[in-house]
Amino acid sequence: MIRFLRIAIIITGIGILMMAYYVFFTEPGGKISENNNISLNRLELMENRLKSSKIPDFSFTNQYGEEVTQVDVTDKIYIADFFFTSCPSICPIMSGNKQRLQEYFRDNDNFMILSHSIDTLNDSVSVLREYSENLDAIRGKWHLVTGSYGAIDKIAKEYYVTAKKDELALNSFVHDGSFILVDRKRRIRGIYDGTNVQSTSDLIADIDILLNE
């Protein structure tokens with residue numbers, strides 16, 4: 001009897017998880033389409049969920065030793081993400097997808113990438129510059145920034161991102177691979193899987209829509 005009850009609880013839990021995925025990560029009808037109408041629906045849904053989420057003022061230092069603040073993203077559509085240069089797992093995949101974003105919007109001055117290092121001790125300005133050069137990051141379009149750990153941790157929470165020190169391992173960090181899409185009013189309009197090719201394609205489509213709003 002106890003074994004049957006455990007199985008029933010597990011099945012119920014799986015059902016709840018599947019329903020949550022359906023509600024939060026699919027469009028009406030249960031499909032994610034590539035056409036612009038569905039992309040717009042995705043943006044509207046995310047805006048409704050996070051409509052009170054305006055990114056606060058910030059100040060960081062980029063790979064050229066320049067201060068980067070909210071002024072630099074004024075009237076721009078930008079992507080925010082979190083990484084560290086010695087990350088051996090998801091960061092290289094994310095970097096490849098950010099290179100794709102940069103290339104697609106290379107000639108559009110209204111688009112920017114803002115990558116925050118969470119290894120504030122080791123990712124100095126010079127380290128970030130070398131790292132950015134290896135990625136062919138375009139100056140002024142793709143900022144790799146650092147700051148105090150407290151400031152990075154605080155802004156990560158504003159973006160609904162996990163980005164923190166790994167309490168179980170020395171000199172290691174825990175972070176997810178999210179790309180956060182922010183509009184001209186500094187509102188979060190979407191959160192995408194930065195390690196996934198299709199999710200990056202969805203992101204490109206949504207950026208195009210916001211650029212034309």
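Cβ from N, Cα, C; glycine included.
Copied from TrEMBL, the annotated features are:
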type: TRANSMEM; residues: 7-25; note: transmembrane segment
type: DOMAIN; residues: 49-212; note: domain 'Thioredoxin'
type: DISULFID; residues: CYS87-CYS91; note: disulfide bond
type: BINDING; residues: CYS87, CYS91, HIS175; note: Cu cation binding site
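HIS175 (Cu cation binding site) counts 22 other C-beta atoms within 10 Å of its own C-beta, drawing on all protein chains shown. The record gives CYS87, CYS91, HIS175 for Cu cation. Within 8 Å of the mean position of their Cβ atoms, the other Cβ atoms in that chain belong to PHE82, PHE83, PHE84, SER89, ILE90, MET94, ILE118, PHE173, GLY177. The disulfide-bonded residues in question are CYS87, CYS91, and the one with the fewest Cβ neighbours inside 10 Å is CYS87.
CYS87 (disulfide bond) falls outside any helix or strand according to DSSP and counts as coil.
Residues belonging to the domain 'Thioredoxin' (49-212) score a mean pLDDT of 92 in the model. A straight line from the CA of HIS175 (Cu cation binding site) to the CA of CYS87 (disulfide bond) spans 10 Å.
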